[in-house]
Structures are given as C-alpha cells and as structure tokens.
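Engineer: Below you'll find the structure I mean.
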Amino acid sequence: MTPQVDTVSAAAATPDVAQPYKELGLKDDEYARIKEILGRRPTDAELAMYSVMWSEHCSYKSSKVHLRYFGETTTEEMRKSMLAGIGENAGVVDVGDGWAVTFKVESHNHPSYVEPYQGAATGVGGIVRDIMAMGARPVAVMDQLRFGAADHPDTRRVVDGVVRGIGGYGNSLGLPNVGGETVFDASYQGNPLVNALCAGVMRVEDLHLAFASGTGNKIILFGARTGLDGIGGVSVLASDTFSGDESGAGRKKLPSVQVGDPFTEKVLIECCLELYAAKLVVGIQDLGGAGLSCATSELAAAGDGGMRIELDKVPLRAADMTPAEILSSESQERMCAVVTPENVEAFMAVCRKWDVLATVIGEVTDGDRLVVTWHGETVVDVPPRTVAHEGPVYERPVQRPDYQDALIADTPDTLPRPATADELRETLLRMISSPQLCSRKWITEQYDRYVRGNTVLAEDADAGVIRIDEQTGRGIALATDASGRYTKLDPYAGAQLALAEAFRNVASTGATPKAVTNCLNFGSPEDPGVMWQFQQAVRGLADGCVALGIPVTGGNVSFYNQTGQDAILPTPVVGVLGVIDDVHRRIPTGIGLEPGETLILLGDTRDEFGGSIWAQVVHDHLGGVPPKVDFAREQLLAEVLTAGSRDGMISAAHDLSEGGLAQAVVEAALAGETGCRILLPEDADPFVTLFSESAGRVLVAVPRSEETRFTRMCEARQLPWVRIGVVDQGSDALEVQGHFSIPLTELRAAFEGTLPKLFGAETA
C-alpha cells in the first residue's frame, strides 16, 4: 500500500499547513527563506531535504566564513601538486611517478556516544566511501579517539564499543589501521570524539569527481538497500533504543545511528574499482550524511543541467517508507553514479558480477531543477544549488572568553617538581603508567595493521608508512595529531602545535610532508567563546601551512560537542601526508638495530610545561602558555631527517611531544627491546631535560660509524644537537646516569598494564 504523500501541487494549494520545521532543526528565518526560494511552502520531502542539507554538519553554515581563510592563504606554489581540494569528497595529491593519493578525516562523534559500536564502525565506512568516490582504492585507515575520564563508569562502555566498531569494520574491509591517538579527559565525558582518516591510491588519470552532466545520462543507485537507519543523523540525533524492526510498531525505536555491513562495502569497493577501470562512470557520489538528499543535490548542483529522480524505484529494506524518509535515510554502503545510456548495461553487468544491487532511479535533464517523483507525482521540485550550496551562512559573534587571561596567568611554574633521583624515577613511572601516556597496545592489537602486505610502519611508529608501488618501493606516510589542552590555552598556537607534531611525525619516518587534512572538533557555535577558539584555530592552522609550504586539501567541522553548558576541550585534529621514494629507507622508532648506536637529541629544550601531561597527571593542572612553535625549525628538522634517512645515517627516530624526552626514550627502548644509558647535560635541570614538552625536537639513534658525519651535517645546517646517550645492547634497563635505573621489565609492566586493568584484558 502506497502511503499518502505531500505533493508539490498540494503544497501550493495548502500554504497554511503547519510543518514541523523546528523539530527538524530549522530556525524560523531558515524556514521562511525556503518558502521564499520555492514561492510556496515546501512539501514534506522538500522540508526533509532542506533540513538535513542546511544542518550544521552538511552546510558548514557557522564555519564557512572562517574556512575561507584556508583558500585565501593557499598560494599557487602550495597548490601545484594538489589535484582536488576543499569542496570535493576528499583532497587528492600528486605524489609522483604517476601516482595520486586521496586522504581525508571525518568525525562521527555524536553517533559514537549513542551507539558506540555502530557509530564508530559506520564512521570508518563513511570515510572509506569518500575515498572510493574519488576513484581510488582505499589502502589504510587511522583514528583519532577522545574519551572521558578513564576511570568513569561509562567510559568502558564507550571505549569497548568504539574500539570493537573500528576494528570490526576496518578488519572486515581488509584495511590496515596504521596509527592514530587515544586520549582520556573528563571534558569528553558524554561527548567522545571518533575521527576516522582514510587514504586511497590511484593513478593520476583515474581521478573521479562528483558531478552530473550530459542530458539523458542515467542516475544509478547501487549498493545496499535503503532502510530507516540514520534518519536525522545529521540534523536531530535521536537516541531511542534500536529494536531491529523496520516495520510497524518497532519503526519509532530505530536509532538515528546508521547500521553498517562491512562485507557489503568490501564488495562495493571492488565493484567500483572495476567500473572505474572500464570507464563506465561519468560522475560519482557516495551516500553518507543526508543520504539521497545530499547525493542528488550535490551531483546536480555540480553539473551542467538538472536531474529527475523516480523515488519509487529506490530498493527499500523497510515497508511503507515515505519519500521524506527515503531521501533522509543514511543507510550505509550506497553509491550514486552518473552513466551514459550506452554504458548502462555494461555497468549493470559489473554490478551483477559482484552481486551488488543496482537500479536506474533517474536521469540528467536539460533544465535547472532537481525534480523527484513518487509513483508519478512530483514531491520535490527545487533548484539544486539552494539545497546543496546556497544554504544559510552565519557570521556568529566571536568573543575571547573572559576566563582566558586567568587561564594563561595560572602557570605551572609554582607547582612542586621532582628534585631527587627517587622522585624523578617515580615521576617517570607514574607518567608512563597514566591513562594519558600509557601504551595503546591493548587498543591497537584489536586492529589488523598489516593486512594487504603493504604496511611498512604502523602503531607504535611515529607515522604509518604504506608502500604504494611494489616495483619502485614508493610509499606514503600518514600521521594525525591534536592537543585539546594546548588549544584550550591558546587556540592559535594549539592548532599550530598539532600541525607541527604531525609534520614532524611524518618527517621522523624519513618521508617528506606534502599536504594536510583536518577535522575541527569544537563546542556550540552559538557560544561566542567557542567561535573565537574556532576562528583562532583555523587561522593558526592556515598560517602554519603557509609557513611550511603545504596545502590544506580538505577537512571536516564538528560543532556542538558539549554536554549542557560544558564544551569539550577544543580539538583541531590535523593529518599530514608525506611521500617517501623508497620505503626500504624508512626510519623505525625502536632503537638497537645497529650495535653501539649513539642517541642524539635534535632541537632546543626549554622550560615549557604549560598544558603539559606532567602538570595534568601529577597536579591535575591546566594553565599557562603552551610550548613555542617554530616552523622554520620544523622544516630544518624535516630536511635533516630526510637527508639522514637517504644517506643511511639514522637507524631510529622518535619525535618528542607529550611526556618529553623520558616518554620518547621509554617508547624507543621498549620498541627495540634494548636498554640504553642516558647522560643528561651537566648544566641542565634534570627534570626539565626529561619532561619538558618543547616542540621541534626528535630523538635519533645514529650508528657509531655515522656519528661524526651526522653531527657535522647538523652543524652545517645550524640545527642544535646534543649527544644524550648510547644504546646498550648488553643491558636490559633504562639508566639515567647519576640518577636512576629501571629494568625494561618494570618499564613494560608499567607502560602496558594500565589499559588492560581499566578495560579488561579483552573486550567483552
């Protein structure tokens, strides 16, 4: 039985019908503008389309005025290797030898609190489809995770579901998870962050874009059937319990969190790649947030004509779905392609080969309207650009918070510091066993890091490294970083510190950083203080990219990350892509590969503890000024690391960030299963040397035979260095001479024991 629907003609004849636009997230003036655009009230289906496409998630209505700064500051020199940038499904970069890499990071924060497993799983699935839509084969994923306090009763539920969701979906797709970050902080209680990155590889000529052109070309929906899951996911996130019943009484209990099937997506990947190889696709768009509303309006808006869709031809998973529900559904594993009439049968044949359901649901028209019919009646008739690109843009109030001065003035300088050898030893053990700094092995071992056989480096390396060409050994490096604590103290500097660390992590593997993506996680845009944080972070990131000469290729904004009046720590996640001409020269993290290595600390160490993990773990303190950022130094450091890798002068490298030198030495020693002796400079404060979080520093292990050549290179380039110790392959301890010694077994127990104790040796 076909449900009664609200048609365009009915809407024109009944202008005074009350509509639930506020419940769908639209404001009074936004609803009035829709009526002005259409010259009448919208139909139920049109209202559904505008509400999801004009949502903060899809329209960027509060962030657009600030995001323009990325484009304004990107120079032609920075753009020269960029094949696709902001506005496309994902950024694409020419990485040489005819290869292109596409990469992007997206958020799935709110769904991952409501339904952690499916929220995280479909976050992975969604970003993978963005990469597929560019014409690439997905080759790796990463994740940036933020949870509430590690000892909070609800944190275990969220951690368990999110980690299993990421692993379950990514492992089933056969995609290696090569790195990321996991942070615990009370500000994320009730509002975890799940940011997933995916990278894909293709030949330069295989790039595909999302546009519908060519009058008469067919619109084909292929992949999974359309159900009721995910409706309202991008506009009004519901939290009813999922009953699994998509018909009758159970319908109202369906979650707004999407339900994923990785095996359907795995087949969809191979199907898409064969379609691309056969040149059967004119334009393509994945179905993610806002579902068909987004896919059809964006394809039509980017094309040179209009589009007509027959909605009753969409294969459904649930009985009696309305047009509004079909257009709003965020059911996963679906793609929408534009195909010439003569290629439709060949397209369908490929889909049949892979057992992928495919249906012609419409065609490109010569008009300028997006028209959607339902059993012959018109339920949508709109200018597509007004849905996809011409939504409201707000220049919201920006105000530096009143508390900012007091926060900066509350420095950690007066906090008690460890003074004796025993106190230094205990501080080190306390920090490496804290949830903030302890090993993430319990999490990462639930992910397959080496599937497909092209992973060269993965967690716990500074960056993931993937081989993309078996013949030449060409590869890419990926790193993601963020620091909400630094960004809270100074949003401009905090975003720059995240960029600097991701840049440095990529360089520490021997790769050359080439491009940036981001995911900007903030509180409510209706709070002027949050908008100030956002504005400053965007400017800091953009200015940093100019200083480094690498472009922002795209990104994502996630607002409303707060519980009540309490916003999360502002968390701009930055991803950096690097290129390495031969993965055989990659630099690992673990020391001890060469006998008698010398440990050298590159960069300057200063007394910088504002926002540090030491202040948090030992004193529960957040205040002061974050570490200084010096992008010229970061570039110099990257050049030295790349040259050292190319000339065989570096056998291991590990960047210094949270936890400082002490954390870096512990991680490098445990990774290499090798002891070492650290000799602190006589004129330096041992506490500052061990725990400072000054930026622009890397610990390198240099073969004894290369020490003179390497240090001369550093001096010639005016890069500060200090000989900080030696690798002692006959030792099973970390010794800080004149202060303390800790057996590697004790270090490992402290470092690796925390998460299993908190969350169980295995996930439930």
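Yeah, the Cβs are placed from backbone N, Cα and C, and that goes for glycine too.
What Swiss-Prot records for this protein is below:
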- His57: active site (ACT_SITE)
- Tyr60, Lys104, Asn518, Gly555: ATP binding site (BINDING)
- Glu106, Asn556: Mg(2+) 1 binding site (BINDING)
- Ser107, His108, Asn109, His110, Arg129, Gln258, Glu330, Ser331, Gln332, Ser558: substrate binding site (BINDING)
- His108: active site, proton acceptor (ACT_SITE)
- Asp130, Asp286: Mg(2+) 2 binding site (BINDING)
Engineer: Need one number for the ATP-binding residues Tyr60, Lys104, Asn518, Gly555: the maximum pairwise CA distance in Å, whole number please.
Structural biologist: 17
Engineer: Can you tell me which of the binding-site residues Asp286, Glu330, Asn556 is spatially closest to Lys104 (ATP binding site)? Compare CA atoms only.
Structural biologist: Asn556
Engineer: Taking the Cα atoms as reference points, how far is Asp286 (Mg(2+) 2 binding site) from Asn556 (Mg(2+) 1 binding site) in Å?
Structural biologist: 16
Engineer: Find, among the binding-site residues listed as Ser107, Asn109, Gln332, Asn518, Asn556, the one whose Cβ has the highest number of other Cβ atoms within 10 Å in the structure shown.
Structural biologist: Asn518
Engineer: Within 10 Å of the Cβ of His57 (active site), how many other Cβ atoms are there?
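Structural biologist: Result for His57 (active site): 22 neighbouring Cβ atoms inside 10 Å.
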Engineer: In three-state terms from DSSP, label Tyr60 (ATP binding site) for me.
Structural biologist: coil
Engineer: How many whole Å apart are the CA atoms of the residue listed as 'active site' and Gly555 (ATP binding site)?
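Structural biologist: Pair distance, Cα basis, whole Å: 12 Å.
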Engineer: Could you list the residues of the same chain, at least six apart in sequence, whose Cβ is under 8 A from the Cβ of Tyr60 (ATP binding site)?
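Structural biologist: Long-range Cβ contacts: Leu67, Val557.
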Engineer: Quick one: of the recorded positions Glu106, His108, Asn518, Asn556, which has its CA closest to the CA of Arg129 (substrate binding site)?
Structural biologist: Glu106
Engineer: Taking just the CA atoms, what is the gap between Gly555 (ATP binding site) and His108 (active site, proton acceptor) in Å?
Structural biologist: 13
